[in-house]
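Engineer: Here you go, one structure.
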Amino acid sequence: MAKQNLKSTDRAVQQMLDKAKREGIQTVWDRYEAMKPQCGFGETGLCCRHCLQGPCRINPFGDEPKVGICGATAEVIVARGLDRSIAAGAAGHSGHAKHLAHTLKKAVQGKAASYMIKDRTKLHSIAKRLGIPTEGQKDEDIALEVAKAALADFHEKDTPVLWVTTVLPPSRVKVLSAHGLIPAGIDHEIAEIMHRTSMGCDADAQNLLLGGLRCSLADLAGCYMGTDLADILFGTPAPVVTESNLGVLKADAVNVAVHGHNPVLSDIIVSVSKEMENEARAAGATGINVVGICCTGNEVLMRHGIPACTHSVSQEMAMITGALDAMILDYQCIQPSVATIAECTGTTVITTMEMSKITGATHVNFAEEAAVENAKQILRLAIDTFKRRKGKPVEIPNIKTKVVAGFSTEAIINALSKLNANDPLKPLIDNVVNGNIRGVCLFAGCNNVKVPQDQNFTTIARKLLKQNVLVVATGCGAGALMRHGFMDPANVDELCGDGLKAVLTAIGEANGLGGPLPPVLHMGSCVDNSRAVALVAALANRLGVDLDRLPVVASAAEAMHEKAVAIGTWAVTIGLPTHIGVLPPITGSLPVTQILTSSVKDITGGYFIVELDPETAADKLLAAINERRAGLGLPW
């Protein structure tokens with residue numbers, strides 16, 4: 001495959017693209033080519049559809065029209081568009097969290113018998129952080145108060161959002177408060193963005209962007225809350241060994257992919273699938289093989305060792321194997337095309353949420369009150385599909401990688417405690433100080449069809465690891481790295497610099513692994529970016545410095561979704577240099593671009609690094625880490 005035509009660096013995906021071409025199946029890459037040339041006004045953020053006088057578009061070269069019909073400038077139009085993306089992303093993550101809050105509430109009230117408190121320790125830790133009394137209280141009563149506190153954080157109230165003010169270092173909360181950036185309520189901030197960006201409201205670009213920063217913290221609250229509540233209900237992840245890539249599918253099994261984001265559905269599917277093995281065998285299968293796609297795949301991977309099939313932009317490839325019997329969907333990052341592809345592959349596509357249906361898919365409404373019954377109904381559809389598929393040819397790439405995952409914040413602290421039980425963070429801090437660990441980089445976000453799949457993630461990670469940067473990853477960024485072997489401990493010698501190698505080996509051996517931790521630590525799904533925040537906040541608190549002084553950076557190397565926009569923005573807002581590897585729709589306004597890549601540093605300490613070349617991006621991330629080290633008086 002010629003380099004200029006490279007669609008994916010994943011060999012399994014390349015094999016399926018060849019199959020799709022032979023069979024005349026249109027994929028996401030074909031649709032991207034058909035869409036070219038894409039609208040330059042949209043790409044630069046210079047189009048506006050916020051009222052019925054439009055659409056308006058601004059000339060990017062300085063000629064007329066220089067303002068919209070209402071008089072909105074390029075700066076205002078670009079800032080409003082960015083704000084709405086942040087709000088949409090926050091709505092996604094916080095909707096996920098709200099779903100979990102309602103599920104926890106139903107569980108402890110006896111209305112959803114399939115769910116229970118799985119992690120009592122995490123429950124008590126969260127309650128203590130929120131100021132909820134636990135002494136002498138029943139776990140169910142504590143959990144109910146946690147659920148109520150979570151739901152209260154969605155509304156405007158006199159007290160600020162707890163899932164912001166109690167999770168960040170006090171020094172960071174002070175900075176954010178001084179600039180009016182602490183959200184009053186998650187839903188409140190989303191609604192206010194929609195209000196202030198409507199026609200006739202906020203027409204000051206800097207003020208609009210400050211509103212966007214505040215709304216992004218509502219997204220952080222949704223992420224952190226989603227992680228907390230999922231851990232209470234389904235357990236806090238601990239290290240687990242599994243596999244990834246299309247090779248995890250099995251020709252002779254009922255192959256079921258859970259796809260989307262919320263473990264409320266996928267965790268039950270995993271549990272019930274074990275009960276239905278005999279039904280699958282009676283249909284002629286060897287059993288039920290549950291695999292994951294995207295973030296709900298990450299959820300069940302890190303808690304149950306469920307293998308990851310594929311991620312993000314390549315989700316259609318699982319179906320093109322011909323071996324996928326059912327794709328079970330909840331919400332977010334699901335391409336509507338899966339229903340069309342299913343017509344070619346025979347896969348049964350099953351939607352489960354009232355707010356996320358797809359024309360052509362089978363809908364089974366999933367209710368927590370009837371979770372087991374709904375799961376059985378869904379899995380029987382998969383078994384029926386297998387009966388129709390049995391005996392037909394399939395093409396499953398013989399490609400898969402070993403994955404060691406499940407590195408929640410608690411798991412990392414526990415691993416470090418084997419080196420220093422009294423002060424678990426000290427070994428990490430000592431190795432940052434002595435240079436064995438140069439800094440930390442969080443890889444987050446999606447794949448984007450505009451970038452050869454996984455290329456940016458793997459190129460940047462490879463360079464950072466050689467420079468002794470500790471790499472953690474979430475979401476489909478984690479998926480990209482796992483499918484290329486970055487989460488296999490056997491690859492530490494090849495991928496890591498000597499200092500990082502020594503640290504990973506010392507921790508692994510202290511924990512009885514007989515070898516190192518993997519080169520990249522998988523911290524979970526996209527909401528689990530909160531785990532990285534928890535880790536760096538603990539480091540900041542331990543050192544007595546704010547987040548904007550730590551040698552910590554983030555990269556959304558192949559960002560696609562509005563949720564990635566929100567995540568990147570709150571990373572900047574809490575003080576992190578944050579790389580974006582695709583062109584964001586802000587370049588139509590030089591002032592907006594300058595604010596986000598430079599001036600915002602004076603407010604939050606963080607800033608965006610927009611760099612499409614992955615080699616150069618790695619250099620810029622290293623430079624940001626070195627600058628932070630110098631600021632702390634550390635050698636680099």
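Cβ atoms here come from the backbone N, Cα and C positions, even for glycine.
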Engineer: Per Swiss-Prot, what member of C309, C344, C476 joins H261, C295, C333, C446, C526 in binding [Ni-4Fe-5S] cluster at one site?
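Structural biologist: Between C309, C344, C476, Swiss-Prot records just one in the [Ni-4Fe-5S] cluster site with H261, C295, C333, C446, C526, namely C476.
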Engineer: For the [4Fe-4S] cluster 2 site that Swiss-Prot assigns to C48, C51, C56, which of C70, C201 is also named?
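Structural biologist: Answer, per Swiss-Prot ([4Fe-4S] cluster 2 site with C48, C51, C56), from C70, C201: C70.
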Engineer: Would you pick out, from the binding-site residues C56, C476, the residue whose Cβ has the largest number of other Cβ atoms within 10 Å?
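Structural biologist: Per the Cβ count within 10 Å, the most buried is C476.
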Engineer: Looking only at Cβ atoms, how many others are within 10 Å of the one on C70 ([4Fe-4S] cluster 2 binding site)?
Structural biologist: 16
Engineer: Inside 8 A of the center formed by the CB atoms of C48, C51, C56, C70, which other residues of the chain have their CB, for the recorded [4Fe-4S] cluster 2 site?
Structural biologist: R49, H50, Q53, G54, P55, G68, I69, A72, I77, M199
Engineer: What three-state secondary structure does DSSP assign to C47 ([4Fe-4S] cluster 1 binding site)?
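Structural biologist: DSSP assigns C47 ([4Fe-4S] cluster 1 binding site) to strand.
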Engineer: Which are the residues of the chain, H261, C295, C333, C446, C476, C526 excluded, whose CB is within 8 A of where the CB atoms of the [Ni-4Fe-5S] cluster site average out, their centroid?
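Structural biologist: Surrounding the site, in chain order, are C294, N298, H311, S312, Q332, G475, S525, H561, K563.
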Engineer: Can you tell me whether DSSP puts C295 ([Ni-4Fe-5S] cluster binding site) in helix, strand or coil?
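Structural biologist: The residue in question, C295 ([Ni-4Fe-5S] cluster binding site), is helix (DSSP, three-state).
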Engineer: Tell me, by DSSP, whether C476 ([Ni-4Fe-5S] cluster binding site) is helix, strand or coil?
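Structural biologist: Helix, per DSSP.
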